[in-house]
Each structure stands twice: as C-alpha cells, then as structure tokens.
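Worksheet for the structure shown next.
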Amino acid sequence: MSDHSKALHVAVLAFPFGSHAAPLLALVCRLATSNPTVRFSFLSTAQSNTHTFPSTRTNEFDNVRPYNVWDGVPEGHQISGNPHVGTGFFLKALPHNFKAGMAKAEEESGATINCLLTDAFFWFAGDLAEEMGVPWVPYWTAGACSLSAHVNTDVIRITLGSTRTTQNTNQTLNFIPGLSAVHMNDLPGGVLHGDLESPFAQMLHKMGLNLPRATAVVLNSFEELEPAITTDLKLRLQKVLHVGPPSLSSSPTSSLDESGCLLWLDKHEAASVAYISFGTIITPPPNELLALAEALRASKIPFLWSLRDHSRPIFPEGFLENVLAFGKVVSWAPQSQVLAHPSIGVFVTHCGWNSILESITGGVPMICRPFFGDQTLNSRMVQDAWRIGVRLDGGVFTKSSMMSAVELIFSREEGKKLRENIILLKQKATDAVGASGSSTENFNVLLEVIKTCKHPKS
C-alpha cells in the first residue's frame, strides 16, 4: 500500500439547502488549516458547491476539494419556485448519491476514506460509517436547544401528545433540562406538530435516534450559552463538542462593502441604528414589509435595511425619499461586520442560528420575527431564556408592534437590561474561543478525533 493511500481522508457530506453547507465548509477550512496533510472531500450538489465554494476559498486550501453529487432531480424536470420540491428530490437520492461521490473521491485521490464528517441531518451516515469501519462525526449547524428538541422527540411526544389544542399550546417543556422557557408551540415542525410522516420530519426523528452512535457530535455554538442543555446532551451522546461561535473562532475576514454600509454607519452615534435583515432565503409577506416600512418612517430611528431589490415595490409611496436623511436600504450587507459596528443598537432578525450568533458576538440585542424551522424556538430562547431580545407583539410585523419593540429597546429600562445581558454573553463567547476556552478545547478534541482515524483496512 502506497504512502499516499495511507493518508488521512475525510469525506464531508453537506446538506445543500438553506444555510447548512456554508457553516460546514467553514468548519472544514478550520480543520484543513490545522491538519494540512489530511484530505477533505466536500460532497454536495453542483448548485450548492457553486455558491459555497468561491474561487478564492477553493484556491486557499490545497487539501479541500469539492465533489458534486446528484441532486435527485430527474433529467429534463423543471423545479418550480417551491424550495421543498428540490429538497424532496434530494432526500430520495440519499444515500446512493453520496456513495457514488465518495467512490469518485477515493478513486481520484487514491486515498481510502477514514472518517465521515457530515451534516447532522444525515442519520444514515451512522450506517455508512459502520459499513466502512470509520468514525462518524455529525455537525449540528444550529444551537443546542433545537438539537435537544430532536434528541428528545420521543419523550416530548409521549409527555405532551401529538395534538395541539388551545389549552396546551403554551405548555412548557419543563421536563427537559434547559428548555423550561420553551412552549409546545415553539417547537420546530415535525417534532410534535405538522406532517410527522413527511420525509423531512422522519429524517430529523431518525437523526435524534441515531446521534448516540456518533463518535462525536459537533455544534455550531458555545457551551456557556446553554449549559443545562449541554450537560444533558453529554449524558445522551458520546462526545458533545461546541466549537463556536465561528465568527470569533476563525480568522477575521473582510467582506466587500460595495453599498458603503460601514462608512454610512461611521456617521452615527453608538448603539443608535437598527439593522434589519431576514437572511438570504426569507422575505416577509408584503403586508408585513409595508407595516415595517411605515413603522421605520414614523419612528425616524436611523436604520440600515438589507432587502433584495424585488421586494422594494412593496414600499409605501415616497418611502425611500422620506427616509433618506436617516435610513439606508441595500440589496446586501456584510452582516458580521455590520453587527460588530458600534453604531448598531438593535438587530431586527428572523432568528436563524447564524444571525443569532453574530448578534451575540456583536453585543446587539434583537427584535425577533421568526418564520420556520428552529427560528421560533430560537426566538423564545432569545426573549425568555437568555433575555437578550424581544419577540413582536402578536408574532408579526404591524406598525404598532414594530414601534413598540423599538421603543422598548431604545427608550426603556428593559431595553437597557437586554443590552447589558448580551454584552455579558458576548464576553462569554469571546472567552470560549480564547486560548483555554471551552470551544478551543473542544476543537482540539475534534482535531484528535480526526488525527487518530485509522485506515479502515489496517
């Protein structure tokens, strides 16, 4: 056997939808920097790899190589605007598309795969790893709170039942460590409500059942954010390794700021500007966009709004002209840099996990408008567990709900307390990625897991 064939080779299986592939690639790049002799084959769909692998990053790491796998869409089939259709096709192609991709990676590299690093969604990777005789290391790209909900799905279903009524929707999960603030109604779809038999819900259920088989479960968070949940997960899983927040644990990068957001922010006082963004996938319904715009115009607070161009016709007539003196609307903003800017006073967000972490590391309290997935659960933790933000009255944007939330953050004692709380969390996050911090130690454990992978045939 050649020395090349004995080289460590990690197959990385990415979920190609939403904001899953990018955090996984960021983790892989950290690992590749610390393990320059280890080969990482990053497997995802062609469309996902095109977006996730900009040319600069591809050229930066000699030991990270993307491989395209079949997306499951039949030849000649046109995907509609519904994103769930593409997800459904992809799920039907699993795991055969990844098996084919791994075979190609082994053939091209001449190195047998020694480890599977996967999105935690892929419960079947436990079976693949067992067949191959290699470790399975799943990466949960969200927080410990949502992971706990999936690990404890059967307990939740037995305790609360699967039928929501007006009497039980506000029942809390006080029987699960760290989730006492969470209401039954906050749970992601597929845990207790929604179509429990859908392929996606079944995938998440099987994930929760199979994670105890994993060599280690890696989380995109830090232990000090959810200590009780982390302690409980450590009793249920073999290794629980929080390695974030990624914006603090990785080398700082400067994104292009073609819209001049940072220069515009430089002109404003500390903690005076509202930053508004709902990520790259979500756009609030037109009536809510209109209400949000009316609230911003009426309140006259300085604001920076990242909003795709196709949504701008929703604005009230004359809106952009009316707010020119105190507002700025852009099609894209360098979010991590914006949230780190001292002039930002509040983040109006959908509560995606990456956005929450960036808000914490920026020390910016939040106004929450969740839409789907783990976002409602995350927003509950933001408001009632960590006390670093507020949810909108009624759960949606109206002119009055937005103005009330803004007034609370900027003008009331409660808002001052929220800011103090998130500054304390920011320090804990900074400490976690320090030289002797918990996330640094966990990352070193992950490095050892990979370094000690043995050739499956040795």
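Note that Cβ sites are derived from N, Cα and C of the backbone, with glycine treated the same way.
Of the listed candidates (T112, T118, T141, T153), Swiss-Prot assigns T141 to the same UDP-alpha-D-glucose site as A333, Q335, H350, W353, N354, S355, E358, D374, Q375. The UDP-alpha-D-glucose-binding residues named in the record, T141, A333, Q335, H350, W353, N354, S355, E358, D374, Q375, extend over a maximum Cα to Cα distance of 24 Å. The recorded positions H20, H150 differ in how many other CB atoms lie within 10 Å of their CB, and the one with the most is H150. Ranking the recorded positions D119, D374 by how many Cβ atoms sit within 10 Å of each one's Cβ puts D374 at the top. Comparing local CB density within 10 A for the binding-site residues T141, Q335, the maximum falls on T141. The Cβ of S355 (UDP-alpha-D-glucose binding site) lies under 8 Å from the Cβ of S277, G279, Q335, F347, T349, each of which sits 6+ residues away along the same chain. In sequence order, S19, T141, A142, G143, S146, N220, S221, D374, N378 constitute the residues six or more apart from W353 (UDP-alpha-D-glucose binding site) in its chain with CB-CB distances below 8 Å. Residue pair H20 (active site, proton acceptor) / D119 (active site, charge relay) shows a Cα separation of 8 Å.
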